[in-house]
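Features as listed in TrEMBL:
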type	residues	note
ACT_SITE	Lys38	active site, proton acceptor
MOD_RES	Lys38	N6-(pyridoxal phosphate)lysine
BINDING	Arg136, Met307	substrate binding site
DOMAIN	238-365	domain 'Alanine racemase C-terminal'
ACT_SITE	Tyr259	active site, proton acceptor
Amino acid sequence: MNRFLKRAWAEIDLDALEHNYNEIKKLAKGKDILAVVKANAYGHDDKAVCLKLQELGVKYYGVSNLWEGEKLRCHGITGTILTFGYTDEDYFDELLEYGITQTAGSVQYAKQLSDYAVSKGVKLPVHIKVNTGMTRVGIDSQQEMLDILAMPGLDCKAAYTHFAAADSLDPSDVEYTDRQQEKLMKIAKDKGLLIHSQNSGGIIYHGDFGGDIVRAGVILYGHYPNYPLEVPFDMKSVMTVKSVVSQLKTIPAGTQISYGRTYTAEKEMTVAVISIGYADGYFRDFSSKGKMLINGVLCNVVGRVCMDQTIVDVSNVPDIKTGDIVYVYSDKCRETSVDYNASLIDTIGYELTCAVALRIPRVIIENGRIKEVVRYGLI
C-alpha cells in the first residue's frame with residue numbers, strides 16, 4: 001500500500017541513484033565499486049538502495065556493523081558485505097552464518113578471529129585495515145600484515161585504508177593523501193590481496209591511484225564530499241525531504257514567535273506552521289537560519305525550530321493555503337540543497353541525510369512513480 005501520512009516524508013529517487021552510479025563507474029576506470037551503505041544507506045533506506053544497486057551489478061557493499069550486514073542478507077543481497085566496524089567475539093557465529101566479511105584492524109583482533117575460525121574448522125573472510133594517517137582503525141607495519149596473513153582460519157581477501165583529507169585540494173592535504181596511498185601500497189602490495197583506498201574524495205580528486213576497488217559513499221547519494229568544491233559530474237540528489245503547510249496566521253508587528261521569544265516580527269507578516277521539526281531530523285540549529293521552498297518562493301525560518309514543527313515567513317508567497325507542499329531539502333534551488341543547508345550550520349551533507357528520523361517515511365520513487373512506501377516501526 002502506497003498511502004502515507006502527508007506530514008513530512010523523504011522521497012528516494014532510484015533513477016537519480018542509477019545516474020550517479022553510472023557516472024561513478026566512469027571515474028572508477030574499470031575498478032569494482034564498493035557501495036557504502038552504512039547507517040541505512042546514509043538515511044536513504046538500505047533495502048531499496050541495495051536492491052537497486054544489486055540490479056545494476058554492484059558486487060561489494062560496506063556497512064558499519066554486523067547487524068546492518070545481516071539486514072542486507074535478509075533483504076536478498078548476495079554480494080560481498082564488508083563490515084568496517086568491530087564485531088564482538090560473542091557474535092562471530094553470526095559472521096559465519098550470514099557470510100559477512102569482517103575488517104581486521106589489529107593483530108590482536110585478527111588472532112581472535114583466527115582462533116574462532118580454527119575452533120570451528122572454517123575460514124573467515126577478512127579485509128585487513130591499514131592505518132596510513134587517519135589514526136583510527138588499522139595496522140601500522142608490514143610485519144603486522146605478514147603476521148595476520150600467516151594466521152590459520154583467515155581468508156584474507158583484501159587490504160584497505162581510509163583517507164583523512166582526500167576531499168581537499170589544499171596542497172598539504174594532497175601531499176598527505178599521496179603519502180597515505182604510498183604507505184598502503186608499501187605494506188599491502190604483492191601480497192595476493194585486492195586493494196582499496198579511494199573513498200568519494202579519492203575517486204574524484206585522486207583518480208590515478210592504484211587498486212582494485214573504489215568505495216563510493218556520499219557521491220552515490222548525490223552530495224559533495226567537501227562543499228562547495230566542485231565534482232566532475234552532474235550529481236543528482238537521491239533524497240528530497242518534503243513537508244506541508246499545516247496552518248497559516250497573519251500577525252501584527254511586535255509579535256514574538258516560538259520558544260524563547262527569539263524572533264520578533266518587525267511588521268505585519270504571514271507565517272506558516274510547517275509539519276517538521278528536530279525530532280524529524282530538521283536540526284534546531286536552523287532556527288532563524290534555514291530556508292524552505294513553497295510554491296516557488298524561498299521562505300525564511302523564523303524563531304526556534306520546535307520538536308515537531310517549524311515556523312516560516314510566507315508573506316511573499318502568493319495564494320498559499322494549508323496543505324501546500326514544502327521543499328525542506330531538495331535540488332529545486334541552491335538554498336534548499338542538502339549541502340548548502342549543511343554549510344549554514346557548519347556541518348556536512350552526510351550528517352543531514354543520516355539524521356532524517358525513522359518516523360519520516362521513505363517514499364521510494366522509480367521511473368517517476370511511487371514504487372514503495374517504507375514506514376519504519378509500523379505495527
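Just so you know, glycine gets a Cβ as well, placed from its N, Cα and C.
Unlike curated entries, TrEMBL annotations are predicted automatically.
Once Cβ contacts within 10 Å are tallied over all protein chains shown, the recorded positions Lys38, Arg136 are led by Lys38. Closest to Lys38 (active site, proton acceptor) by Cα-Cα distance, out of the recorded positions Arg136, Tyr259, Met307, is Arg136. For the pair Tyr259 (active site, proton acceptor) and Arg136 (substrate binding site), the C-alpha distance works out to 40 angstrom. The number of other Cβ atoms within 10 Å of the Cβ belonging to Met307 (substrate binding site), over all protein chains shown, comes to 10. Remark: secondary structure over the domain 'Alanine racemase C-terminal' (238-365) totals 26 helix, 45 strand, 57 coil, with classes taken from DSSP. The DSSP secondary structure for Lys38 (active site, proton acceptor) is helix. Taking all protein chains in view, 12 other C-beta atoms sit within 10 angstroms of the C-beta of Tyr259 (active site, proton acceptor). Note on the domain 'Alanine racemase C-terminal' (238-365): mean pLDDT across this stretch is 98. Look at Arg136 (substrate binding site): DSSP puts it in coil.
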